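J.: Starting off with a structure, shown below.
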């Protein structure tokens with residue numbers, strides 16, 4: 001568990017720096033939809049290999065459609081969220097998105113408590129709000145480019161505010177709904193992942209052809225993109241284990257802890273400087289871990 005969670009923290013934290021390394025003349029040269037399709041396809045292949053390795057006897061077992069159909073909704077919610085992230089950028093600046101997207105911690109916790117009937121104590125709610133504060137502090141200026149002005153200006157339209165609200169709601173709903181399916185079905189995780197990622201590949205392929213983007217499917221790809229695809233696929237598989245055997249709350253803590261990895265990589269690769277807000281964020285995360293898990 002420790003190794004898995006640490007690996008997931010590293011993958012989450014390295015995602016943004018890896019995207020920056022992929023940029024050509026300041027822009028992403030490849031289709032983000034293509035990357036999502038490849039990530040889902042990689043997870044599908046790995047799930048099938050795991051099924052062959054550990055649960056081969058299930059290959060000939062008849063599975064009811066009632067086991068399969070729920071994963072279609074889960075994949076649809078994830079696909080909708082991925083598309084929302086792209087469209088939201090038209091109605092707000094990236095900094096505003098980074099700050100407000102931390103509200104998905106609250107939406108996920110509320111839905112987790114409501115639908116999975118997991119009562120959270122006041123101490124645990126305080127811990128989760130500290131995670132929101134940590135994400136907000138870091139997004140507001142935890143890292144600073146020495147050559148750029150330090151003052152941060154946020155901009156968002158009314159439509160952008162509506163979209164970020166829907167995004168946080170769908171983000172929490174997709175995570176909690178998927179956790180509920182994984183835990184209530186008496187099926188091995190490798191088979192459940194096979195269903196989920198099959199629909200993930202199908203829906204994202206439809207989205208790719210629907211967008212009818214110019215250029216080839218693999219246009220602009222580099223070795224760094226390959227690293228992103230493999231790492232994101234691995235992280236998706238780890239998160240499915242977390243949701244099956246732990247909870248979405250653990251996933252929220254993993255995402256928050258990735259701030260440290262993101263900051264260290266940004267300092268090492270891009271010569272950014274840590275600010276006071278970074279240390280405030282790390283302190284909030286440390287206190288949140290202590291309050292929620294009772295760890296020192």
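The backbone N, Cα and C atoms fix where each Cβ goes, and this holds for glycine too.
Found this in TrEMBL, in case it helps:
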{"type": "TRANSMEM", "residues": "32-51", "note": "transmembrane segment"}
{"type": "TRANSMEM", "residues": "58-79", "note": "transmembrane segment"}
{"type": "TRANSMEM", "residues": "99-116", "note": "transmembrane segment"}
{"type": "TRANSMEM", "residues": "125-144", "note": "transmembrane segment"}
{"type": "TRANSMEM", "residues": "156-182", "note": "transmembrane segment"}
{"type": "TRANSMEM", "residues": "194-211", "note": "transmembrane segment"}
{"type": "TRANSMEM", "residues": "223-242", "note": "transmembrane segment"}
{"type": "TRANSMEM", "residues": "249-270", "note": "transmembrane segment"}
{"type": "TRANSMEM", "residues": "276-295", "note": "transmembrane segment"}
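Structural setting of the listed features?
T.: Long-range contacts of the transmembrane segment (32-51) within its own chain (CB-CB distance under 8 A, at least 6 residues past either end) are made by residues 58-59, 82, 86, 188, 190-191, 193-194, 197-198, 200-201, 204-205, 207-208, 211, 213, 217-218, 221, 225, 228-230, 232-234, 236-237.
Tertiary proximity for the transmembrane segment (99-116) is limited to same-chain residues at least six positions away from its ends with a CB under 8 Å from its CB atoms, namely 92, 125, 128-129, 131-132, 135-136, 139-140, 154, 156, 164, 167-169, 171-173, 175-177, 179-180, 247-249, 252, 256.
Through the fold, the transmembrane segment (125-144) approaches residues 95, 98-99, 101-103, 105-106, 109, 150, 152, 249, 252-253, 256, 259, 263, 266-267, 272-275, 277-278, 280-282, 284-285, 287-292 of its own chain, all at least 6 residues removed from its boundaries and within a Cβ separation under 8 Å.
Proximity of distant same-chain residues to the transmembrane segment (194-211), defined by a Cβ-Cβ separation under 8 Å and at least 6 residues beyond the stretch ends, is recorded for 31, 33-34, 36-37, 40-41, 43-44, 47-48, 51, 67-68, 71-72, 74-76, 78-79, 82-83, 178, 217, 240.
Panel annotation: around the transmembrane segment (223-242), residues 4-5, 7-8, 11-12, 14-15, 18-19, 21-22, 30, 35, 38-39, 42-43, 46-47, 182, 189, 192-193, 196, 250-251, 254 of the same chain, lying at least six beyond its termini, place a Cβ under 8 Å from a Cβ of the stretch.
Among residues of the same chain six or more beyond the transmembrane segment (249-270), those with a C-beta under 8 A of the stretch's C-beta atoms are 5, 8-14, 16-17, 20-21, 105, 108-109, 112, 128, 131, 134-135, 138, 142-143, 145, 175, 239, 242-243, 278, 281-282, 285, 288-289, 292.
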